[in-house]
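Asker: Let me begin by handing over the structure; questions about it come next.
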Amino acid sequence: MLYLRLAYSNIKKNRAVYLPFCLAAIFTVVLNMIMQIMRNNQGLDHLQGAESLKVMFDLGNKIIMIFTVVFTFYTHSFLMKRRKKELGLYNILGMDKKNLTVMMFFENLITLAITLLVGLLAGAILSKLMFLILKRLTGFGADFVYAFSVESLGQVTLLFIGVFLVTFLYDTWEVRKTKPIELFGQGSSGEKEPKSKWLFSVAGIICLGIGYGISVTITSPVEALTQFFIAVVLVIIGTYSIFIAGSITLLKVLKKNKKFYYQPDNFISISSMIFRMKQNGAGLATISILCTMALVTISSTVCLYIGQEKIIQSRNPFENSVEVALPMEETKKIIHEEVKKQRSAVKDVKYVTLSGNLVTLKQQDDSFEPLKEAFSNYNKVVGIRFLALSEYNRLEDKTLTLAKNEVFVYPVTGNYKEKSITIGSKEFQVKKTLEQFIFAPKEEDAVLGSLILVIPDETATTSFYTEIADEFKESVFKFVPTPASIVSFEVSGTLVKRIKVSNALQGKFQEIVAANGDENLERSLSVTSIDKDREEMRSLYGGFFFLGIIFGVSFLVATTLIIYYKQVSEGSDDRERFTIMQKVGLSHREVKKAIQHQILLVFFLPIIVAVIHLSFAFPIIKKLMVLFGLMNANLLFVTTVGCVLIFSLGYFVIYWRTSKVYYQLVER
């Protein structure tokens, strides 16, 4: 009981550092409760896009768990640093390290009990609120109902018991390996003045330069996905190197400038920052990385959620469409009969016969060869489809003509400026580049390049397509020589009725394809519905937005706590130094001015660097958004700028509130 009372007394006495730690731990308990309840909800299995949602929430849950472990350990290390002097005093006064270990065990036990009790209760309440928010964002139906599970409770409890056990074992190891006199002095000990680190500074600049270079030079969305994580790792390494080593090197250079250094304001700021920059640098880099993560996460998920309707419309130029390598009349007949069975009606029918997609590798600007390695060079992979001239004229109400060896080229993305085009061994002269085609609206950007070649009717024959298939038989993606019938149409009735019709058509055509047993026919089948896509995309992007909110708030809270602990730590350490300065002649006004210079640098450098990181990351983020179907770069830019402004305002509020703690500690 003595140890329990002593532990309680210590927590109460050190509430200035324990309270923020407990609040941070409670916050992470709530986050984990929310994610576990969403992840374990059985209603997810009955929703549109169930598999994608489950994968998303599983991934989100793992990220939050990793965040919990790292964040709790990080904040706990700040707490223990402030308490080492107190533990050293206990040790000197007669408590051996075994007694200290028992006392720390009870301190951890009390903190864990408070964290779990308050966190689980708050999590149970707030998870219901977040559930309603998620349901509103995604439009989930009656199958998705709130269900509090004992399994979720148990998983979160076990996680935090494990985390607190690890922090306790680490604290025990730290105390046992340190001599009493060292323990007594560690809480207030600073670093020795570090030396200039030119090698690490230059390495940091190089890493940052390569990371930025990857982002601004990337041209393919698929390549952006593979290169993104490399760029992120390089930028993180560069950020830490520049903050830790580069800042010291810069301050040392400024110190050598006698005229600049021996001004009172500069002398105090530079000498103070050099003295503690090793610790400051790591903290500033961490804050900068967290700010960047928050900005990237929030801006991208908000953009996807706002732009989801445009994404859906770009993916579905028509309300419904069927593409299959069957004769056109047969395809239309099946559609009409199946829609009629569902007691609905077909209207606004459009149709076209188009070749299958020939996936090629662009050797030169006007030459396309078989793709023999799966996406060996994403920038050069181009899909080509062939369209008979009469079909194009009918759909676009034109009277265009072509000679035997001529073609019109319609670039779905980008443009085509060459005078000729060679596909395998077949060369054509480009008569004109077309500006539009009703069945393939122009796209600002796309995952892979795409061309449609309008060819003379006498060229668009079975033998021509067979020759192309034979010539490209070594290609990774096989070309289907049978032209596909594409039928677009609208269906009357309610949303539920329209989705039911689409499902019936999907089932019917899959049945026909299965009965036929032709692999090419199976590969050609595609049945789409804008209504089904809208339901699935709303679930997907709503889920992304929900996770974006969770992650963004998590990173912001982590930033706030790190800044707070940093202010407490720095304020306590700087108090004695500024007291000495006042004793040797500096006025209170001069001391306060020096404090303001230092605190402004410490606070606003991370957010400035984060905005620079985000600016250079924008090109690669824009390409990644293309993978999700978002082609609107202007929307992404406006959303990103808005998020930066709102986040900066929140960051300033954090600065304003936590700087008061620093001033109080220094001026005490």
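Note: Cβ is positioned from N, Cα and C throughout, glycine not excepted.
So TrEMBL lists the following for this protein:
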TRANSMEM  16-39  transmembrane segment
TRANSMEM  59-79  transmembrane segment
DOMAIN    63-180  domain 'ABC3 transporter permease C-terminal'
TRANSMEM  100-126  transmembrane segment
TRANSMEM  146-170  transmembrane segment
TRANSMEM  198-222  transmembrane segment
TRANSMEM  228-251  transmembrane segment
TRANSMEM  282-307  transmembrane segment
TRANSMEM  540-565  transmembrane segment
TRANSMEM  599-621  transmembrane segment
TRANSMEM  633-654  transmembrane segment
Asker: For the transmembrane segment (198-222), what are the same-chain contacts with Cβ under 8 Å, counting residues 6+ beyond its ends?
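Answerer: Hits for the transmembrane segment (198-222): 230-235, 237-242, 244-246, 249, 375, 378-379, 445-448, 616-620, 623-624, 626-627.
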Asker: What mean pLDDT does the predicted model reach across the domain 'ABC3 transporter permease C-terminal' (63-180)?
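Answerer: PLDDT averaged over the stretch: 81.
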Asker: What residues in the same chain, six or more past the boundaries of the transmembrane segment (633-654), come closer than 8 Å to it by Cβ-Cβ distance?
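Answerer: Tertiary neighbours of the transmembrane segment (633-654) are 291, 294-295, 298-300, 302-303, 306-307, 310, 444-445, 556, 559-560, 563, 607, 611, 614, 618, 621-622, 625.
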Asker: Applying the under-8 angstroms CB criterion, which one of 100-126, 146-170, 599-621 scores highest with the transmembrane segment (228-251)?
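Answerer: Counting Cβ pairs under 8 Å, the winner is 599-621.
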